[in-house]
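Take a look at the structure set out below.
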């Protein structure tokens, strides 16, 4: 009875595997019982969660329905959306400037931008928010004039920097630091040969950035920017600490009055889930739009790799001991 072995000192004969046999071969996936155990456990936990949500009267779903579209909650929702949009726009404008400084040939400008990014990314956003809110304690008056010279305009800090303004400035500075790194990473992902070719064609730096660099950098910028946007939407809840009536602030104001803490927190949770889900869908659409060309090439390359992996099978030999 012949034995099939991987290594043998005896004489072996070789025969090629017919291609018809290869075409009829059925590839069987590797069994992974641990995955099925985890999947069953996850389904059991999900069923338990749904059961407790439906049967526990302490959730008070009727209270959730009463306040889900209340005027105070909707006003807080509008403020949350406005703050998120304003912070992202201004933060990205500032972040693009900081990224340009990081990519500058000037050592001083690179050092200043690096120090800004390092400091802002190192300090928690809540601490930054509290510092900006308490800025009047450090500088009761803000003035504009010639350094060490006369003042042209002076104003009380408390009149200029309200709670909403402090929240806007603090979150804008925080977004700018992260946005600058996102933009810089996207620009560095573009091959230098692209800009060199644009220079050879006589394109200006602005035109090169707008027509050559930016379209190729967007596939790298969009996913991180979408994550930053979703994170900032949730980070706006920090402003409730300084008594800004955003979505969470309005929720806290209501449950401090009627003591319905859990139902009101569920109201805020529902709105945050809805908003983040919509933003996630928007992010996915933008990613598909800007990576349309790359996705096709990636698909072709994957298919080519699969075919190249199958090709050696037609030449594989089986060594069978006589």
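Placement of Cβ uses the backbone N, Cα and C atoms for every residue, glycine included.
Taken from TrEMBL, the feature transmembrane segment covers 36-55 (among others).
If you look up TrEMBL, you'll see 67-100 (among others) marked as transmembrane segment.
Feature annotation from TrEMBL assigns domain 'ABC transmembrane type-1' to 77-283.
The annotation transmembrane segment is assigned in TrEMBL to 112-133 (among others).
For 153-179 (among others), the entry in TrEMBL reads transmembrane segment.
Within the chain, the transmembrane segment (220-244) has long-range Cβ neighbours (under 8 A, six or more residues past its boundaries) at 79-80, 83-84, 87-88, 91-92, 125-126, 129-130, 133, 163-164, 166-167, 171, 174-175, 178-179, 182-183, 185-186, 189, 252, 268, 272, 275-276, 279-280, 282-283, 286-287, 290. What TrEMBL lists as transmembrane segment is 220-244 (among others).
The transmembrane segment feature in TrEMBL is assigned to 264-286 (among others).
Recorded stretches compared: 36-55, 67-100, 112-133, 264-286; the one with the most Cβ pairs under 8 Å to the transmembrane segment (153-179) is 67-100.
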